[in-house]
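The ATP binding site annotation in TrEMBL covers 30-37, 147-150, ILE176, 184-187. Here TrEMBL flags HIS37 as active site, proton donor. What TrEMBL records for GLN61 is beta-alanine binding site. Among the features that TrEMBL reports, (R)-pantoate binding site is placed at GLN61, GLN153.
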Amino acid sequence: MEIFKTKTALRAFLEPLKASGLKIALVPTMGALHNGHISLIKLAQQNADVIICSIFVNPTQFTDPKDLEKYPRPIEHDLAMLEEAGCNGVFMPDVKEMYPEKEDWHIDLGKAEFLLEGEFRRGHYQGVTQIVNKLFDAVKPDVAMFGQKDFQQVLMIKNMLKHFNLPITIITCPIIREEDGLAMSSRNIHLSEKDRKNALVLSKSLQFVIDHFNEYSLSQLEEKAEALYAGIEGVELDYFTIANGETLEPAKSKEEGNLVALVAAKVGTTRLIDNMIIK
Ligand SMILES: Nc1ncnc2c1ncn2[C@@H]1O[C@H](COP(=O)(O)OP(=O)(O)OP(=O)(O)O)[C@@H](O)[C@H]1O
Ligand SMILES: CC(C)(CO)[C@@H](O)C(=O)[O-]
Ligand code: BAL
């Protein structure tokens with residue numbers, strides 16, 4: 001497995017491979033890898049010939065400086081996991097390589113930018129699309145893999161592709177969970193033993209909606225799911241919603257084509273997100 005710290009070195013590696021007709025996949029990450037990330041690598045291997053994983057903790061998408069400061073960075077462990085998974089190359093630039101100078105970035109991502117995560121992390125998706133655009137430019141992949149765990153992120157990246165008319169296929173990968181249902185996340189490492197137990201309410205509340213979808217109205221489903229959070233000390237719900245999977249607006253009717261239940265909550269000091277697709 002090759003390791004690249006600069007765009008120049010990465011491009012020099014990729015150019016002959018592209019010229020020989022090989023298909024390139026990019027798996028963008030912020031490191032602190034777990035089996036969710038490895039599932040993206042494995043799916044990439046089914047869809048391309050050469051797999052590049054990027055590891056970059058992107059400062060412009062963090063809206064809370066403490067969150068950025070304490071973001072885990074176990075790089076040796078990450079490299080061992082990627083090697084074991086059969087990844088071909090790792091792009092791990094420093095901040096100067098990706099942001100050599102101060103730059104303005106603003107693109108129209110549509111109304112959904114300001115909902116859900118966009119409401120609680122103002123400007124987050126400008127930062128995400130700014131860095132993903134730079135990563136796409138550095139790798140020029142044929143396909144790029146993103147996790148459904150960041151449901152809204154996938155929509156925003158697809159909107160960015162449309163905005164720039166980029167010829168990249170986005171593949172959305174299912175959420176990988178721990179045995180008890182907790183969605184894997186790099187931030188889970190911050191959970192205390194008590195938080196770890198409390199965090200199960202996220203997947204349980206989503207599963208409640210899936211299991212009881214035919215029994216209750218949309219508002220009853222939301223109410224009953226939210227009630228599961230009441231009285232859990234140390235858990236603070238940011239939002240629980242059943243939304244239209246294309247617009248992310250609250251669902252108006254159970255008959256809408258794509259419906260998804262999404263949640264974000266602070267568990268102790270750690271903010272977690274999760275979702276389940278209803279249909
Ligand atoms: N449990 C998971 N299953 C599938 N994909 C995942 C999972 N967790 C993260 N991903 C995907 O991996 C990619 C990189 O995510 P990232 O490095 O931010 O990891 P993360 O675990 O989501 O970390 P955090 O949520 O703490 O930021 C994203 O496309 C993300 O959606
Ligand atoms: C896509 C991404 C790597 C951009 O920094 C990040 O938002 C993430 O890990 O989901
Ligand atoms: N997984 C999304 C990246 C973030 O939380 O900033």
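Placed from the backbone N, Cα and C atoms, the Cβ positions cover glycine too.
Feature map: TrEMBL annotations on the structure.
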residue	record	DSSP class
MET30	ATP binding site	coil
GLY36	ATP binding site	helix
GLN61	beta-alanine binding site	helix
GLN148	ATP binding site	helix
GLN153	(R)-pantoate binding site	helix
ILE176	ATP binding site	coil
SER186	ATP binding site	helix
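For the residue listed as 'beta-alanine binding site', the same-chain residues 6+ apart in sequence whose C-beta sits under 8 angstroms from its C-beta are HIS124, TYR125, GLY127, VAL128, GLN130, ILE131. Cβ neighbour count for the residue listed as 'active site, proton donor': 27 (other Cβ atoms within 10 Å of its Cβ, all protein chains included). The 6 Å Cβ screen around ligand 2 retains MET30 from the recorded positions MET30, HIS37, GLN148, ILE176, ordered by sequence position. Less than 6 Å separates the Cβ from ligand 3 in the case of GLN61, drawn from the recorded positions HIS37, GLN61, SER186 in sequence order.
Annotated pair ILE176 (ATP binding site) and HIS37 (active site, proton donor), C-alpha to C-alpha distance, rounded: 9 Å. A gap of 14 Å separates the Cα atoms of GLN153 ((R)-pantoate binding site) and MET30 (ATP binding site). Of all Cβ atoms in the shown protein chains, 26 besides its own fall within 10 Å of the Cβ of LEU33 (ATP binding site).
Around SER186 (ATP binding site), the same-chain residues six or more apart in sequence whose CB sits under 8 Å from its CB are MET30, GLY31, ALA32, LEU33, HIS34, TYR71, PRO72, listed in sequence order. Of all the Cβ atoms in the protein chains shown, 18 others lie within 10 Å of the Cβ of MET30 (ATP binding site). The Cβ of GLN148 has fewer other Cβ atoms within 10 Å than any other of the binding-site residues GLN148, GLN153.
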